[in-house]
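Listed in Swiss-Prot for this protein:
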- Cys11, Cys46, Cys81: [4Fe-4S] cluster 1 binding site (BINDING)
- Cys145, Cys149, Cys152: [4Fe-4S] cluster 2 binding site (BINDING)
- 2-119: domain 'MTTase N-terminal' (DOMAIN)
- 131-361: domain 'Radical SAM core' (DOMAIN)
- 364-430: domain 'TRAM' (DOMAIN)
Amino acid sequence: MISVYSISLGCPKNRVDTEHLLGSLGVAVQPVEHLSRADVVLINTCGFILPAVEESVRTIVETIDDLSGLRKRPLLAVAGCLVGRYGAKELASELPEVDVWLPNQDITAWPAMLAHALKLEGAVTPGRLLSTGPSYAWLKISDGCRHNCSFCTIPSIRGGHRSTPADVLEREARDLVAQGVRELVLVAQDVTAWGEDIGAPHGLATLLERLLPVPGLARLRLMYLYPAGLTRELLGFMRDAGAPLVPYFDVPLQHAHPDILSRMGRPFARDPRRVVERVRDFFPDAALRTSLIVGFPGETDEHYAALTSFVEETRFTHMGVFAYRAEEGTPAAEMPEQVEDRVKEWRRDALMEVQAEISEELLAVHEGTRQQVLVDAPHEEWPGLHTGRTWFQAPEIDGITYVSGPGVEPGALVEADIVETRTYDLVALA
């Protein structure tokens, strides 16, 4: 057995990569809560945007400092998008204290590389060590991206789109549910693109046909649905499939004005209203989440006003807004008409205020209703209180439901009365 202290930065896809690595070393792995008790310290980094790069480097440096005072120093391994973006050779010259760099070019090789560094003798076998508890798990269905958005570094870091075969994903889904997982959350850079590169006859629907019948699965949630991929055929399949597929749509629109979408390199998304209308044609009561970028090069006051009007009209259930940052190596970083930081930040904050009012109004409708709540974990401070989620709340990015009452325990799916609503959260009694 080896003990591991792990830090996973960035998106859920990184978390899945960490879990696969730790579950595939061919020996029993014991997670520990302090690096002084570890045989190996693993940092899975993010490098998508500059603040993520800075956080990753800071985390590595702080960890090196913490390790320097230990009598028995664990092996330090660093993986993830920071390595993919800057390369192991360049990073090693700046941070020689790191023992192992795990590059993004072949994530499947990580277990063998780390096992070799640890001098482990057992055969490396595919597996996964869950870190999210019994209620939910992320299921990464593909890696890389086929799009060329002008602001994004992901294709250069993660490479082109590569789908994981359906039989592999079905087997993993069954294993996760057998461990007690109630909700599977499908993630990728573009979930709707699954199957295009491996000849799946009906694209994503082919995969869903394999996953939906998994015995014991209570919820199947789809994230990162690209606008162009939400075809009428896919939406019709999803409507007819019904439970455990939840009518929750995470669609990263990024903007609403065609001028800005064209500059972003997203011509397939130039009519976001039509995308929203199409979803609501099939799912009138759908929960809609989106992410938007403000302050993109060339965004004028008029463009921003149009975006604000779009948000007010559309009334998303959940929304994230990001101030544009110029990323080295991307076409957008070289564009003229860069927007001042103070303007970008004001636009972000103002748009989030608009969304806060919308979210509060939409959640208030649920007060007095009865909802199924999937219980995630005990509250850290209040005995008897747990945190969980309704079908319209995705883990870690949306609001939560505070729930208490008989039968409330992690992994339980309970019927509960919504007794109070807040801007983003609910309070419920089972």
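The backbone N, Cα and C atoms fix where each Cβ goes, glycine too.
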What's the number of neighbouring CB atoms sitting within 10 A of the CB on Cys81 ([4Fe-4S] cluster 1 binding site)? 26
Coarse DSSP state, helix versus strand versus coil, of Cys81 ([4Fe-4S] cluster 1 binding site): helix
Could you give the Cα-Cα distance between Cys46 ([4Fe-4S] cluster 1 binding site) and Cys152 ([4Fe-4S] cluster 2 binding site), in whole Å? 13
Inside 10 Å of the Cβ of Cys11 ([4Fe-4S] cluster 1 binding site), count up the other Cβ atoms and send me the figure. 21
What whole-number Å value do you get for the CA-CA distance of Cys81 ([4Fe-4S] cluster 1 binding site) and Cys152 ([4Fe-4S] cluster 2 binding site)? 13
Using the Cβ centroid of Cys11, Cys46, Cys81 as the reference point for the [4Fe-4S] cluster 1 site, which residues of the same chain not in that list have Cβ within 8 Å? Leu9, Gly10, Lys13, Asn14, Thr45, Gly47, Phe48, Ala52, Gly80
Cα-to-Cα gap, Cys149 ([4Fe-4S] cluster 2 binding site) vs Cys11 ([4Fe-4S] cluster 1 binding site), nearest whole Å: 18
Cβ atoms near Cys149 ([4Fe-4S] cluster 2 binding site) (within 10 Å, other residues, all chains): 20
Starting from the Cβ centroid of Cys145, Cys149, Cys152, which together make up the recorded [4Fe-4S] cluster 2 site, report each further residue of the same chain whose Cβ lies within 8 Å of that point, ordered by sequence. His147, Asn148, Phe151, Thr153, Ile154, Pro155, Gln189, Gly265
Is it possible to list how many residues within the domain 'TRAM' (364-430) are helical, extended or coil according to DSSP? 1 helix, 30 strand, 36 coil
Ordered by sequence, the long-range same-chain Cβ contacts of Cys152 ([4Fe-4S] cluster 2 binding site) under 8 Å (at least 6 apart) are Cys145, Glu327, Thr330
Averaged pLDDT, computed only over the residues in the domain 'MTTase N-terminal' (2-119): 92
For Cys46 ([4Fe-4S] cluster 1 binding site), just count the other CB atoms lying within 10 A of its CB, please. 22
Please work out the number of neighbouring Cβ atoms within 10 Å of the Cβ of Cys145 ([4Fe-4S] cluster 2 binding site), leaving out its own Cβ. 23
